[in-house]
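Engineer: Here's a structure for you.
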Amino acid sequence: MAEGRGTHERPDVETQKTELGALMGTTLQRGAQWYLIDSRWFKQWKKYVGFDSWDMYNVGEHNLFPGPIDNSGLFSDPESQTLKEHLIDELDYVLVPTEAWNKLLNWYGCVEGQQPIVRKVVEHGLFVKHCKVEVYLLELKLCENSDPTNVLSCHFSKADTIATIEKEMRKLFNIPAERETRLWNKYMSNTYEQLSKLDNTIQDAGLYQGQVLVIEPQNEDGTWPRQTLQSKSSTAPSRNFTTSSKPSASPYSSMSASLIANGDSTNSSGMHNSGVSRGGAGFSASYNCQEPPSPHIQPGLCGLGNLGNTCFMNSALQCLSNTGPLTEYFLKDEYEAEINRDNPLGMKGEIAEAYAELIKQMWSGRDTHVAPRMFKTQVGRFAPQFSGYQQQDSQELLAFILDGLHEDLNRVKKKPYLEPKDANGRPDAVVAKEAWENHRLRNDSVIVDTFHGLFKSTLVCPECAKVSVTFDPFCYLTLPLPLKKDRIMEVFLVPADPHCRPIQYRVTVPLMGAISDLCEALSKLSGIAAENMVVTDVYNHRFHKIFQMDEGLSHITPRDDIFVYEICTTPMDGSEYITLPVYFREKKSRPSSTSSGAVLYGQPLLVSVPKHRLTLESLYQAVCERISRYIKQPLPEEFLSSPLEPGACNGSRGSYEGDEEEMDHQEEGKEQLSEVEESGEDSQGGDPTETTQKAKGPPRHKRLFTFSLVNSCGTADINSLATDGKLLKLNSRSTLAIDWDSETRSLYFDEQESEACEKHTSMSQPQKKKKAAIALRECIELFTTMETLGEHDPWYCPTCKKHQQATKKFDLWSLPKILVVHLKRFSYNRYWRDKLDTVVEFPVRALNMSEFVCDRAARPYVYDLIAVSNHYGAMGVGHYTAYAKNRLNGKWYYFDDSSVSLASEDQIVTKAAYVLFYQRRDDECPSTSSPVSFPGSDGGAKLSSSQQDLGEEEAYTMDTN
């Protein structure tokens with residue numbers, strides 16, 4: 001097999017580096033095509049050409065050759081080449097422009113059978129345009145009006161137009177080009193809106209993941225099957241469209257081969273007019289086909305439909321919806337008089353209007369659930385990071401909504417310029433009052449009234465002792481959690497004894513530890529000396545990385561498959577050994593080519609062999625010994641040229657490390673991978689495929705496999721080892737492949753045994769009990785603890801006239817009516833992400849924050865919990881829900897997208913709690929004033945006994961006991 005399968009001659013590594021380097025800085029342009037490449041392959045290519053200045057070691061070595069582009073690690077299904085969910089840019093894949101892709105493809109080729117992963121650049125944002133590559137296409141459900149139960153799943157780019165969808169649907173449902181059609185957007189089970197603007201993009205139309213679209217062909221008599229429904233329900237004109245002058249179907253649309261049964265069907269009775277949504281982006285008609293709603297739905301108990309990974313948005317919205325002062329403000333239409341359409345920092349009032357419309361729907365008492373489609377569309381226009389359908393952070397969205405509502409509703413029309421002032425020894429009360437008044441001169445809205453408090457920040461210079469005190473507003477408290485110090489890892493230990501299966505262990509290691517810590521922990525459980533272990537990352541049947549003992553464990557992500565190999569101590573005779581990576585490959589004939597291909601399979605091995613006086617025969621015996629467990633017995637006599645019994649020791653850890661050191665000092669340019677030297681001895685080595693024999697030697701026997709010297713990925717051959725009459729000279733950077741033909745592998749290789757492993761008792765034993773739950777007060781104390789600024793984040797001291805690593809301390813000066821507490825559960829580095837699942841115990845009633853407020857003249861700050869945003873799962877994946885207290889009946893409910901169920905207080909405190917909403921007790925609290933009359937309620941609402949008793953409870957101070 002040649003080194004890659006590119007169609008053009010490959011230039012030298014310096015030229016490759018220069019040409020690709022210039023292209024990788026290409027700016028994203030709307031409509032341009034970019035390609036995804038598995039980051040592991042791309043990193044290997046960068047090492048090969050010395051792309052990064054800090055990684056120039058062994059540039060151009062054959063052993064680093066990346067081979068053909070291989071994206072198999074990105075697919076959840078190799079056959080359909082469906083992308084895995086939640087892939088992360090730079091971590092899992094890299095994006096390259098078309099010209100860069102074409103060069104790499106010409107130089108290296110692509111793994112046979114793989115199609116390029118090409119995606120469009122789409123533009124987001126209304127005022128500030130933001131381009132990004134649309135990695136995940138939008139899945140739409142398509143059906144024909146006459147048969148709504150047969151739904152086809154089809155993928156489109158958000159840059160595709162409505163006309164593109166219509167043309168694709170004509171093709172799928174065999175609708176003649178001359179027959180007129182109408183396209184309907186079906187959502188909320190039985191609500192339909194007509195898509196009339198053919199030039200609108202999918203993004204403009206606000207279509208979301210899993211959206212159902214219905215195509216309606218015109219009847220032969222010129223009428224429409226839905227004409228009666230439309231005439232009864234819609235006052236807006238509709239626009240029928242034909243097929244003339246339509247653009248061709250998008251190359252980015254692809255249809256799933258499977259039919260998906262959909263139980264929803266059109267109900268022709270009980271229609272009512274739902275009106276046309278504000279900013280409907282081309283929806284010219286809208287109507288519902290559902291039964292009249294029940295008059296007994298409790299206002300506020302309205303679920304939110306998941307539009308495709310939008311549970312994070314639903315969770316945040318449910319918490320805000322159940323924030324009484326804010327919801328009352330919108331339901332009373334107080335926002336209409338305060339919309340600031342001219343604020344350059346605002347969104348022309350459109351976020352406020354979209355939010356108001358959604359809140360009115362949720363509190364109308366008419367619907368059990370609604371789809372926040374138009375609100376999401378508006379958010380995506382102003383905040384492109386939320387425009388897609390990947391999982392996002394509910395707290396980040398919450399911060400955007402609060403900031404957006406504030407700017408849209410800011411009562412200040414012209415913000416004055418105010419010079420920031422330092423305390424300069426003045427009393428805190430004076431400086432704080434000045435800071436708050438200045439803040440209100442520029443920021444005056446219902447959000448400031450409800451959510452804003454004041455921090456006190458103290459900086460002390462370590463050199464001159466200058467003290468700087470400032471007061472800054474905040475909208476929510478982000479509280480750190482005590483970081484865990486340990487990490488649990490699951491690894492496979494591969495014993496040196498070839499008869500023993502790999503054993504899976506669960507070990508506890510320091511969170512910021514080294515590979516040596518992993519080996520020590522594994523040694524305690526296995527009894528194998530840590531110095532005899534080699535830790536590897538196995539990926540796609542090859543070694544992605546072989547770790548050194550001093551490397552950090554942070555390089556290993558939870559998704560990596562870690563195999564630890566036992567390497568024996570130095571043999572008694574003192575001979576020097578080297579340890580070689582060995583890959584299993586199956587040789588396949590390619591009808592379209594005269595050269596053969598090879599496919600990796602199975603788990604790779606580390607095999608130790610003598611460094612000197614190594615023959616092909618002794619190498620074959622060493623490998624046969626190592627894989628003896630995989631070989632089906634009995635073997636035919638023709639294969640028995642050497643016994644498959646374990647004999648010699650399988651290697652030396654000491655020489656493994658020593659060889660690395662030796663190779664570091666070899667002179668540059670010297671061949672390091674495969675050399676042969678003449679030997680005066682009679683060697684048994686030779687071409688393993690030959691069956692001829694020497695004149696006086698024993699008859700040669702058939703071999704199970706042949707050897708190839710390959711690159712470190714196993715994807716490109718460097719040399720064969722057919723070296724009759726010569727000794728092999730290999731080194732520790734050599735990589736071998738043992739190549740099986742398909743028939744021999746099928747007959748004699750035990751696939752099941754090669755994949756088998758045992759589980760150590762550590763896998764079944766309960767994990768070490770985590771630290772008991774921490775109290776919320778511990779998080780607050782951690783937040784207010786003095787810290788020293790890092791060397792990369794210094795403070796400029798006005799006295800010393802230079803940057804200093806000052807000490808910094810936060811304190812709380814004043815707290816708002818609604819206190820939003822963000823528990824900082826997520827942490828990450830460049831290699832992996834982590835979530836802290838620690839249970840934080842927070843009071844549901846009577847949270848006393850007074851002791852944490854440094855203004856001793858302040859009012860009491862006692863709060864009751866009103867909502868919680870929950871996150872289940874790991875960072876970047878998982879699911880968001882919410883608990884919230886309905887202010888009309890005083891009961892707790894659990895909101896899970898469109899589902900709403902009754903909950904109890906003892907369910908609320910869990911390890912999933914992420915964002916907490918507290919409402920302050922005071923004379924202005926809605927619980928002691930006349931409640932607003934909500935639509936759908938009986939003119940007012942009676943407070944539950946629990947609410948009436950709430951004001952009489954004794955406030956308690958948080959206690960860790």
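Going from the start of the chain as shown, residues are counted 1 onward.
Every residue, even glycine, has its Cβ placed from backbone N, Cα and C.
Per Swiss-Prot, the features are:
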type	residues	note
DOMAIN	11-122	domain 'DUSP'
MOTIF	133-141	motif 'Nuclear export signal'
DOMAIN	142-226	domain 'Ubiquitin-like 1'
COMPBIAS	225-243	compositional bias 'Polar residues'
COMPBIAS	244-257	compositional bias 'Low complexity'
DOMAIN	302-921	domain 'USP'
ACT_SITE	C311	active site
MOD_RES	S445	phosphoserine
DOMAIN	483-571	domain 'Ubiquitin-like 2'
MOD_RES	S655	phosphoserine
MOD_RES	S674	phosphoserine
MOD_RES	S679	phosphoserine
ACT_SITE	H879	active site
Engineer: Through the lens of DSSP with three states only, how would you label C311 (active site)?
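Structural biologist: In the DSSP reduction, C311 (active site) maps to helix.
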Engineer: Counting each residue once, how many in the domain 'Ubiquitin-like 1' (142-226) are helix, strand and coil under DSSP?
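Structural biologist: Helix, strand, coil within the domain 'Ubiquitin-like 1' (142-226): 15 helix, 33 strand, 37 coil.
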Engineer: Apart from its near flanks, which chain residues at least 6 from the ends of the motif 'Nuclear export signal' (133-141) lie with a Cβ under 8 angstroms of it?
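Structural biologist: For the motif 'Nuclear export signal' (133-141), the sequence-distant neighbours (Cβ-Cβ under 8 Å, at least 6 residues beyond its ends) are 28, 34, 36, 83, 87, 89, 93, 95, 119-122, 151-159, 165, 202, 207-213, 252, 254, 260, 262, 308, 388-390.
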Engineer: When DSSP is mapped onto helix/strand/coil, what comes out for S445 (phosphoserine)?
Structural biologist: coil
Engineer: Could you state the whole-number distance in Å separating the C-alpha atoms of S445 (phosphoserine) and H879 (active site)?
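Structural biologist: H879 (active site) has its Cα 32 Å from the Cα of S445 (phosphoserine).
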Engineer: Measuring CB to CB from H879 (active site), give everything in the same chain under 8 Å that is also at least six residues away in sequence.
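Structural biologist: C311, H871, Y872, G873 - these are the non-local Cβ neighbours of H879 (active site), listed in sequence order.
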Engineer: Is it possible to get the count of other C-beta atoms within 10 angstroms of the C-beta of S445 (phosphoserine)?
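Structural biologist: Cβ-Cβ neighbours of S445 (phosphoserine) within 10 Å number 23.
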Engineer: At a 10 Å cut-off from the C-beta of C311 (active site), count the other C-beta atoms across all protein chains.
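Structural biologist: C311 (active site) is surrounded by 25 other Cβ atoms within 10 Å.
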Engineer: Looking only at the motif 'Nuclear export signal' (133-141), what are its DSSP counts of helix, strand and coil residues?
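Structural biologist: With helix first, then strand, then coil, the motif 'Nuclear export signal' (133-141) has 0 helix, 5 strand, 4 coil.
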